[in-house]
Amino acid sequence: MLPWSIFPRPVAGTDAEPEPSEPSGRQLSDEALVEELLTTVASARSFQEFRRSQRKECFGLLRWLQLVLPLIQEIRETAPSLTDDAYRRLALLGRAFQAARRLLRCCHDGSKIFLALESEAVLARFQAVYENMNLALDGMPYSEIGISDEVKEQIELINAQLKRCKKRSDTQDMELSMDFMMIIQNKEDGKADRAILERLAKKLELQSLADLRAETMAIKKLINERNGQQQESTKNIIVLLNKFKEIAGIDEKNILGDVSIPKYLEKCPSLMIPNDFLCPISLEIMTDPVIIASGRTYERRSIQKWLDAGQRTCPKTRQPLAHLSLAPNFALKNLILQWCEKNKLEIQMGESEPAAEQEERKEDIPSLVKDLSSVHLDVQRKAAKKIRTLSKENPENRALILENGGLPAIISLVSYPDKKIQENTVTALLNLSIDETNKVLIAKGGAIPLIIEVLKNGSVEGQENSAAALFSLSMIDENKAAIGILGGIAPLVGLLRDGTIRGKKDAATAIFNLILNHPNKLRAMEAGIVAALMKILSDKKLDMVDEALSIFLLLASHPNCRNDVGTTSFVEILVQIIKEGTPKNKECALSVLLELGLNNNSLMVHALGFGLHEHLSDIAKTGTSRAQRKANSLIQLSCKCS
């Protein structure tokens, strides 16, 4: 499990999202509470410079703190006796201010690598601050605390804006996210890795000796603060830092000092909260852990807010989610309960459904599973549709479906000669294939060849969801090989060529993932992938140029596929894209052309004859960082070919 959260684990309760109705405790006097609010805001406003990746959000947060300040100042001047409700809301506002101060400090002097790597998780923390501010101000008893009409109107306006602000979802820097993913996953192309690293170093401002020294100290500080938690993330960050030092030509041992994994990271102290128990978004012990389509686990409330904000990627891996269903992680929940009991830590686990509803559902699912084997077609249809709905809309039922023998019953119906039953059962398998355990069980249950058959001959929706199911199952390496061996590549290529827009996109995603397995590259070539991709490139309305070129790049890296990919007509298309495409299109086209040209000089000669050189010179000066690198490499190659 890869932990991505950049913040040290907060003291319990400091970053929670309490409701205004919770008991206040009155730990401070009224005057001390107000003074603490003012002090916290003043401390937060002392930070004026921030890391580039969070600079915009930090200045926005500072503006919100400045706007709320008149409310606190007026309360200090009037010095009213605070009611329980007013005290409770101000205490909640104080916790939001404290969280804001921690965020601003982290974005001021924290590790640039961490902040950029986990930018979406950091954004979620900003949004949590806005939500707590909104909760505190929404319903503030102004008449009880003697606030003037002018300040009241200003705060009510601010609160209305905060409601909109907390729902906003900024677009992440996809190039940055993909670059990090490429490096962390250890791609084989060393030259591409160096180009990516150079682009990352420039974006993160980690090129000079002074910047790298400061980053080294920030990472050492973070390691100490983590105190043994989030080991895999820490190792990834250290690897990235050392790579940045390497491409900068710096002898880290003599100049910057080494950053290595401390021995105490090897084992967690017995009283340390295991990192797997913490939600990567909220950084608190999970009370209702759920699994999303990427196989990662989050606190239900936190990931639901992420999805409700319009996000469609996994916060940890950044990979697109095949579906948005949530499955309860009962095993992890039990482990958390056992650990809390052993360490005498009391936490309120997620609210359970009323006992009557739970019993009703438990009784319903065995009946539905039984109906899947009914001799009556209508009964089977209704059961398959209900199972599909339950597995999507009521995530807790997935475990019950498996417990009651639903998986083999569902698999047995996938091959049934009824399009709707096929469609519903394939989609149910898609919903069940959320975590890695289910991916393995579905494959071992013999579902893959049946899903492939629906992909070939099912309804339109059945084909689309079959492609999505194969993509989900292919997250497991052994399933990648199995899907290829069992004949899944050819129908995916067919869907890419002839499917709906959604079908083409699902197929492209699945194919890209599957041909990371080398034998599947050859299978894709035999299935006519080149012609299908050429058709994609010619259809401008699809807007799938980058997807097609990314698949071409993987194919061109295989010696036995390269000759079929590297035709003169394809090279002319690449040159045309380099001339007229978007910046990202140009990057992808340059990458493919470089891969082909390094292994076939005649293709470079043909590209030059088609007018490539003048465009290379222009991109080398004005293109993106990666495009410049590729263009310069192609210019050097062209000199050898001329």
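All positions are counted from 1 along the displayed chain.
Backbone N, Cα and C define each Cβ position, glycine as well.
Annotation source TrEMBL lists coiled coil at 148-207. Averaged over the coiled coil (148-207), the predicted model has a pLDDT of 69.
Here TrEMBL flags 272-346 as domain 'U-box'.
Away from its own ends, the repeat 'ARM' (363-405) comes close to residues 290, 323, 325-328, 330, 353, 412-413, 416, 418, 420-421, 424-425, 427-428, 431-432, 434, 438, 441 of its chain (Cβ-Cβ under 8 Å, at least six residues beyond either end). What TrEMBL records for 363-405 (among others) is repeat 'ARM'.
Annotation source TrEMBL lists repeat 'ARM' at 405-447 (among others).
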Write out how many residues of the domain 'U-box' (272-346) are helix, how many strand and how many coil, based on DSSP.
-> 25 helix, 12 strand, 38 coil
